Amino acid sequence: MASVCNSTTTLKTPFISSTSSLASTPKPGQLFLHGKRNQTFKVSCKVSNNDQNQNVETNSVDRRNVLLGLGGLYGVANAIPLASATPIPSPDLKSCGRAIISDGPPVPYSCCPPKPDDLDKVPYYRIPSTSKLRVRQPAHAVDEEYIAKYNLAISKMRELDKTDPSNPLGFKQQANIHCAYCNGAYIIGGKELQVHNSWLFFPFHRWYLYFYERILGTLIDDPTFALPYWNWDHPKGMRLPPMFSRKGTALYDERRNQTAIANGAVMDLGSYGDEVQTTELQKMTNNLTLMYRQMVTNAPCPLLFFGAPYVLGNNVEAPGTIENIPHIPVHIWVGTVRGSTLPGGGTSYGEDMGNFYSAGLDPVFYCHHGNVDRMWNEWKAIGGKRRDLSQKDWLNSEFFFYDEHKNPYRVKVRDCLDTKTMGYDFAPMPTPWRNFKPKRKTTSGKVNTAALPPASQVFPLAKMDKNISFSIDRPATSRTQQDKNEQEEMLTFTGIKYDNRQYIRFDVYLNVDKNVNPDELDKAEFAGSYTSLPHVHRANQTEHTANVTFPLAITELLEDMSLEDEKTIAVTLVPRKGGEGISVEGVKIDLAAC
């Protein structure tokens, strides 16, 4: 990377009010660092062209530890003081330590990868050229020949655990990658690294599956081998793929919620640990509604889809739409019931899929994330402003992996934006959710907002133990199409707090009263849902309170309900799981530039 300036520079931190307009996104060069208002920092800009050798002056702030503007929706909306900043360098393997089970004890084994011979000379990875793309197929449609090949590849990977436990290509070593990156083992700049709940989520998992797939192909001497994707966004794929239910095979995992997945049960893409008592048809309808909301309605802007910028040491979580739902609910639906007895003894923390430290021990994890990865491509294909992020702090973030030849490499986000360039693609499948905009309405006309308490009387909300309705004013009415193209109308809940050791789910509706039916999501008034898997945010944490910002794009909903001319609208919160432990600091409606 070329240097961003020519000499050591003295800069002052700007102060941005939390009420500032979202349109006034901080420009490159505006620095947000911990400290007093207008505190002076010394910034060194001695950066080499290849990013591999950086001279940082004593008592200066490294360019890697400076966030040049948060950009987009989250920068001014939150105005969060930053402890450190992106781009995130690849982790220092010397700093890898004991991981922590989410809401449990330390992981009883090391999740850290084998150390390369020379830690200081790990090169950057260059994607090899390929003459034939690896094509990932929908898991429910693969034939017996493919299943046999896939089973053989996983079997060989498992055999490495017995013959060479320290081999980075082994099944457990590959599973440990997720444990190390997601359960607090890695330390960067004195802060624990976490690749969930931010814009690191998509690129980390894409690189993870890329190397995993190539390792499997090498083990069976088939460079064309491709992982399957769990096509849960299509009704034909809304069940556990049958090949993973075959006992005695390498693809089977006994640490799953056998009750939920038994007999080809239809999954719930909004699962929060409890079974929704409704028909299979309604579950599929709800699933398609959730997919439409998460891919279309609530993801018109890159930062809504990918999630907020990642800042080391910042404990505010703001996951992207697909990471929130259906990514998390699929993990919940497959993992064992928390608190139950595991096969072989011991108390379950949601293993395997239901806890980040153990998720990679279930082969279906990689199939699930194959479809998550596919959603990245499908989202961009919708068009509009749906494109990859352009912030250098995202593009230059790094991860560490071993390739199929046991060679250690660092990788950059900027090199994983095109799957075909990476040598793989997805077999096409219909995406019925694209045309599944909810049209049924719970209410006709406009709810009487005068009969509802204003948001100022409801928030701060101490607990969400029942359905809660309130009125809230909009910043503008009767906006033109040009206005809408330039700025998205955002309903944002701030300071959401709950015990991060618990399952959480709540839904948001516009223009309905407290009597809404939460089991039927295919309603025009349904704005979206928030859900959470119990997780570790900091390895040494003693405080288990999550702090979340939850934005919802509502421009389309206002159009669909003919509320564009209304100054005040009604909002209803519907707790589905853990509501008595959820508090919300505030709510607002802003206009935000995508």
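Cβ coordinates are placed from backbone N, Cα and C, and glycine is handled just like the others.
According to TrEMBL, Cys179 forms a disulfide bond with Cys111, chosen from Cys96, Cys111, Cys301. Among the candidates Cys45, Cys112, the disulfide partner that TrEMBL records for Cys96 is Cys112. The residues near the Cu cation A site, meaning same-chain residues not in His178, His196, His205 whose C-beta sits within 8 angstroms of the mean position of the site's C-beta atoms, are Tyr181, Cys182, Val195, Phe201, Phe204, Tyr208, Phe356, Ala359, His369, in sequence order.
Sequence-distant neighbours of Cys179 (disulfide bond): residues of the same chain at least 6 apart with a C-beta under 8 Å from its C-beta are Ala99, Val107, Cys111, Ala185, Phe356, Tyr357, Ser358, Gly360. Distance noted between the C-alpha atoms of His369 (Cu cation B binding site) and His205 (Cu cation A binding site) is 7 Å.
The recorded positions recorded for this entry are Cys96, Cys112, His327, His331, and the Cα of His327 lies nearest to that of His196 (Cu cation A binding site). Using a 10 Å radius centred on the Cβ of His331 (Cu cation B binding site) and all shown protein chains, the other Cβ atoms total 21. Same-chain residues with CB within 8 A of the center of the His327, His331, His369 CB atoms, the Cu cation B site residues themselves not counted, are His205, Glu323, Pro326, Ile328, Val330, Ala359, Phe365, His368, Val372.
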